[in-house]
Amino acid sequence: VNGAAYAGLCAYMFLLILVGFPVNFLTLYVTLEHKKLRTPLNYILLNLAVADLFMVLGGFTTTMYTSAHGYFVLGRLGCNVEGFFATLGGEIALWSLVVLAVERWIVVCKPISNFRFTEEHAIMGLGFNWVMASACAVPPLVGWSRYIPEGMQCSCGINYYTRSEGFNNESLVMKMLICHFLIPLFVIFFCYGRMLCAVKEAAAAQQESETTQRAEREVSRMVVIMVISFLVCWLPYASVAWYIFCNQGSEFGPVFMTLPAFFAKSASIYNPLIYICMNKHSRHCMI
């Protein structure tokens, strides 16, 4: 790999930091500054911003530094730290999206009568979020698989590449695929799918008034953007990781894993734009 590729990665990470930090920090600041935004639902949105800041400060800065050097210069400890923060931040963000999807489904579709999303429910959602994220990020630190430099050796991730006797890589990869990708994806599709159906049913029952038509358009737009952003960010990375895992021993170019891994990092920019900037109250407070 020539030096221009590493320079490109370094510039890309700098761009993510340049955009990701202020957008997520502004999200935190505005929500904490304005009392009307401190609602139970926004606790989850704040958690999303915290997760993105974890990725920016704990992962992106390290990756930019190592990209500038052309390899991972920070040793085993640095690899563990970078891999942990990147994985934890990504998983917190992912499970925040799941909690948001479940909350929206319960509120809009009303499968539980007279349910009101309270501060206690939000705290429970945050606790569940951190438990699931930690269940993914901590095992490689304690011997269940491990974090290793991947792709162009500028960032670290869980070892999909080898079986590594004694580290049980296979079981962790299967756990990650099922528990930390397929199940969240199913939940998100289910919740927003049911939400869209509920809006359509309400529109039909009310003979499609202007209000319900507008609500349907807003929900549809939110569903499409949410699903596309999730798939765009994570499906390439998950697919390539699974392909490499299923073809261990084969030769793969360093760019093969680098591109989807670095592309997935762009989720730190998409999240606040979708879940905060599309909220008119948050947007007005920011202005």
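Any Cβ shown, glycine's included, is placed from N, Cα and C.
Worth saying up front: this structure is predicted, and the values here are computed from it rather than measured.
Over in Swiss-Prot, the protein carries these features:
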type	residues	note
CARBOHYD	N169	N-linked glycosylation site
MOD_RES	K265	N6-(retinylidene)lysine
TOPO_DOM	1-5	topological domain 'Extracellular'
TOPO_DOM	31-42	topological domain 'Cytoplasmic'
TOPO_DOM	66-79	topological domain 'Extracellular'
TOPO_DOM	103-121	topological domain 'Cytoplasmic'
TOPO_DOM	143-171	topological domain 'Extracellular'
TOPO_DOM	194-221	topological domain 'Cytoplasmic'
TOPO_DOM	244-255	topological domain 'Extracellular'
TOPO_DOM	278-287	topological domain 'Cytoplasmic'
TRANSMEM	6-30	transmembrane segment
TRANSMEM	43-65	transmembrane segment
TRANSMEM	80-102	transmembrane segment
TRANSMEM	122-142	transmembrane segment
TRANSMEM	172-193	transmembrane segment
TRANSMEM	222-243	transmembrane segment
TRANSMEM	256-277	transmembrane segment
Determine which residues of the chain contact the transmembrane segment (256-277) at the Cβ level, with the cut-off under 8 Å and only residues 6 or more beyond its ends counted.
9, 12-13, 16, 19-20, 23-24, 27, 45, 48-49, 51-52, 55-56, 59-60, 63, 86, 89-90, 93, 97, 100, 150-152, 154-155, 157, 222, 225-226, 229, 233-234, 236-237, 239-241, 244, 283, 286
Non-local residues, at least 6 beyond the ends, that sit with Cβ under 8 Å of the topological domain 'Extracellular' (143-171):
1, 5-6, 9, 59, 62-63, 66-67, 70-72, 79-80, 82-84, 86-87, 241-242, 244-245, 248, 254-259, 261-262
Cα separation, N169 (N-linked glycosylation site) to K265 (N6-(retinylidene)lysine) (Å, whole number):
23
Helix-strand-coil residue split for the topological domain 'Extracellular' (66-79), DSSP-based:
9 helix, 0 strand, 5 coil
Look at every Cβ pair spanning the transmembrane segment (80-102) and the transmembrane segment (6-30), keep those 6 or more apart in sequence, and say whether at least 3 of them are under 8 Å.
no
Taken over the topological domain 'Extracellular' (1-5), the model's mean pLDDT:
82
By Cβ distance under 8 Å, which residues at least 6 away from the ends of the transmembrane segment (6-30) in the same chain are close to it?
37, 45-46, 49-50, 52-53, 55-57, 60-61, 63-64, 67-68, 70, 152, 154, 258, 262, 265-266, 268-269, 271-273, 276, 282, 285-286
For the topological domain 'Extracellular' (1-5), find every same-chain residue at least 6 residues outside the stretch whose CB is under 8 Å from a CB in it, and list them.
70, 152, 254-255
Which sequence positions outside the transmembrane segment (122-142), separated from its termini by at least 6 residues, show Cβ-Cβ distances below 8 Å to it?
40-41, 43-44, 47, 51, 80, 83-84, 87-88, 91-92, 94-96, 99, 102-103, 158-159, 172, 176, 179-180
Near the topological domain 'Extracellular' (244-255), which residues from the same chain, at least 6 beyond its ends, have a CB less than 8 A from one of its CBs?
1, 5, 151-153, 160-163, 170, 173
